[in-house]
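Q: Summarising the annotation, TrEMBL assigns compositional bias 'Basic residues' to 325-334. The annotation domain 'TLC' is assigned in TrEMBL to 99-305. Per TrEMBL, the feature region 'Disordered' maps to 311-334. Feature annotation from TrEMBL assigns transmembrane segment to 61-84, 105-125, 238-262, 274-294.
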Amino acid sequence: MAAHHRQPVGSHDHSSREKGLANNYNQVMTQQHRKGLLGAMARHQIVDAVTQTVEKSWNDLYFLFFWIVAFTFLRAAVMTHVLMPLARRWGATSERTVVRFAEQGWICLYYSCSWSLGMYCLQLTPSWNNYFIWFHTDQFFDSYPLTALPLITKYYYWLQFSFWLQQMFVLCIEAPRKDFLAMISHHLVTALLIIASLVLNVTTFGNAVFVAMDLADIVLAFGKCLKYIGMSDMVCDPIFACFMFIWIYTRHFLYGHIIYAWTLHGGEYYSRTTHWSIIGLLMVLQGLMFFWLWSICRIVYKMFASKGGVVDDRSEDEGEEKAPAHVHHAIQRK
C-alpha cells in the first residue's frame, strides 16, 4: 500500500505566497530593463518586491544633475520654437511681450504637469486615505519614516527638486524684476525644505507643499499669457480674481495647516533644534507669501482705482521699450 505523505498545514499557502512574491519581483525587474535615463535610474534602485517601492540612493544625484541641465535646454527649446512663434501669431505687439508670453507659457505648462502628477503621487501616500490630509494633521506622519517611495513618486520628487534648482539659474538670466531678492530667497528656502524632507524622510510634507504652491502659479501664468497677447480685461480680470482666491486658499490656508501639522507633531520625532529649524524655514516661506499677497492686493486696488484692468506690479527694472533686445538675446543664449 502506497504511503501518503501529508503536506504540513499552511505549507501550500506559504509556497503560493513565495511564488507570488517572486512573480512580483520578476515583474519589477522586467520593468527596470527599460532603455534610457529612467531605465538606468530604475536599475540602480534598491527595490522592495513586496511594496513596489524604491529606497534613496546616491545615484539619485545623477538624475538630479541631468534634469537641471535638461530643463535648461528644454525650456529654451519650447520657448524659442513653440511659445514665441505662438505669441507672435496670436497678437503679441512687441518683442518684450513675446518673450514674457514665452516665459509665462513655460511656467503654465510645467506647473500644470507637476500639479497633476503631484496630486496623483499624494494619493499614493499612506496619509491620503480618501480625505484631504491638510485637515488631519496627525496623518502627515503616517508610516513614518518614509524611507522608500513608489517609483513614480520618487521621480516626481527629484524632478521637482531639479526644476527649483534650475529656476535659480533662470532668475539670473531673465530681465530683473522688482521682487528679485524675494524670488531668490523663495527658491533657496524651497530647496532647503526639499533637502530636509528627503533627509528627514517626511516627503509627505514636501509633496503637500508642492501641490499647495503649484496651483496658483498655473492660473497666474495663464492669465498673464492672455494679457500679453492683448486679451480684453473682461477675460483677464476674472482669471486674476480666480487666481487671488486660489492663492489665499492654497498658500495661506492649506499651507498654514501644513505648518500647524509640523509644529504640533514634529517635536515628537525630531530634536528641538531640527524641529524649530524646519518651523523657521516654513515661516520664512509663509512670510514671503504674505509679501506677495500684499502686492496682489495693491494690484487689485490699482485695478479698481484706475479701471484699467490688471497690470503686473512686478515689471522689470529696465524701461518698457529698452528691455526687449536685451531679454531676447538672453533667451537665445540659453
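Glycine too: its Cβ is placed from the backbone N, Cα and C atoms.
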Q: Other than its close neighbours in sequence, what residues sit by the transmembrane segment (274-294), given a CB gap under 8 Å and a spacing of at least six beyond its ends?
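A: That would be 179, 182, 185-186, 189-190, 192-193, 196, 200, 247-248, 251-252, 255-256, 258-259, 262-263, 266-267.
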Q: Across the domain 'TLC' (99-305), what does the pLDDT come to on average, as a whole number?
A: 88
